[in-house]
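Trainee: Swiss-Prot lists these features:
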BINDING   I86, E87, S88, H226, E227  substrate binding site
BINDING   S88, K89, R255, G256  NADPH binding site
ACT_SITE  C187  active site, thioimide intermediate
ACT_SITE  D194  active site, proton donor
Amino acid sequence: MNYNDKSLSALKLGQKTEYKSEYDPTLLQPVPRKLNRDGLGITEQQPFDRGADVWTCYELSWLNENGLPQVAIADVAIDFRSENLIESKSFKLYLNSFNQTKFASLEQVEQALAKDLSQCASGQVSVKVYKLSAYTRQPIVDFAGECIDEQDIQIDSYEFSNEHLASVAEGEIVEETLVSHLLKSNCLITSQPDWGSVQIHYIGKKLNREKLLRYLVSFREHNEFHEQCVERIFTDLIQFTQPEKLTVYARYTRRGGLDINPFRSNFEAVPQNLRMARQ
């Protein structure tokens, strides 16, 4: 990745920022997906054909026509085929700009979000805004699958390497779902920690649990955005294991009132956005 690309140097991440409380869609900042996909060799043709960056926006407020504050939670899904991902701090600042702005209805807020986010992402974005009474009925869930975290192994290196996946696929063809809650990477710009859980559903040669866990732990000091980490995991698994079918889904903990949950697959649809215990 070109860390000197102007789209990265212009980001507000890590900079002192003025918080605006009047609606301002120009606060949104895009990051071209090709910056990371070029390095993975997947800009022209991605190994996944389904997916989205699913965001939960917990800090959404505006004024109704009488000036009374309103609060809600929004689910946002940015299609993986969009030209850009959306930088998270700019997303937060953009949401803050709704605070002192009057909107006629919740639906008008939803429409504004969809329009602005689609323009920034240069692609399809779906938005659903929920009243709190609707959202509180949603359960807290866990990833289905076998958790691979309780292995008695020694790890003394935390430098990212996909070589941990060498010979990771061995034995009979299986369909299974593996889960780890030990995914941790760092923000590409600020190096702040990003904590997440990852689910890998595949049909292919059975994966060696120890090698897979070592690979996932090697992200611990790795600097990339959430979406980029998931695409890297997907691409590495395709390269090293050549599965018949593959899904990689990560759910990251909240920062600044936002959580990001990238989903990539070559055979499954994007699931319902249900939060986990750490979210």
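Keep in mind that glycine also has a Cβ here, set from the backbone N, Cα and C atoms.
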Trainee: With R255 (NADPH binding site) as the reference Cα, tell me which of the recorded positions I86, E87, C187, D194 is the closest one.
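Mentor: In terms of Cα distance, R255 (NADPH binding site) lies closest to D194.
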Trainee: Enumerate the residues of the same chain, I86, E87, S88, H226, E227 excluded, that satisfy the criterion Cβ within 8 A of the mean position of the Cβ atoms of the recorded substrate site; list them in sequence order.
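Mentor: Other same-chain residues with Cβ inside the cutoff are V31, D53, L85, F91, F225, I260.
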Trainee: For NADPH, what surrounds S88, K89, R255, G256 with a Cβ no more than 8 Å from their Cβ centroid?
Mentor: F91, K92, G257, L258
Trainee: Within 10 Å of G256 (NADPH binding site) (Cα-Cα), which of the recorded positions I86, E87, C187, E227?
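Mentor: Qualifying among I86, E87, C187, E227: none.
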Trainee: When you put D194 (active site, proton donor) at the centre and draw a 10 Å sphere around its Cα, which of the recorded positions I86, E87, C187, H226 have their Cα inside it?
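Mentor: Checking each Cα against D194 (active site, proton donor), the hits are C187, H226.
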Trainee: Starting from the Cα of C187 (active site, thioimide intermediate), work out which of the binding-site residues (I86, E87, K89, E227) are within 10 Å.
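Mentor: Those close enough: none at all.
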Trainee: Helix, strand or coil: which one is R255 (NADPH binding site) in, per DSSP?
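Mentor: Where R255 (NADPH binding site) sits, the three-state DSSP reduction gives strand.
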Trainee: CB neighbours of D194 (active site, proton donor) within 10 A?
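Mentor: Result for D194 (active site, proton donor): 24 neighbouring Cβ atoms inside 10 Å.
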Trainee: If you measure every Cα to Cα distance among S88, K89, R255, G256, the residues said to bind NADPH, what is the biggest one in Å?
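Mentor: Looking at S88, K89, R255, G256 as a set, their Cα atoms extend up to 9 Å apart.
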Trainee: Which Cβ among the recorded positions (I86, C187) has the fewest C-beta neighbours inside 10 Å?
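Mentor: The recorded positions I86, C187 were compared, and C187 has the fewest Cβ atoms within 10 Å.
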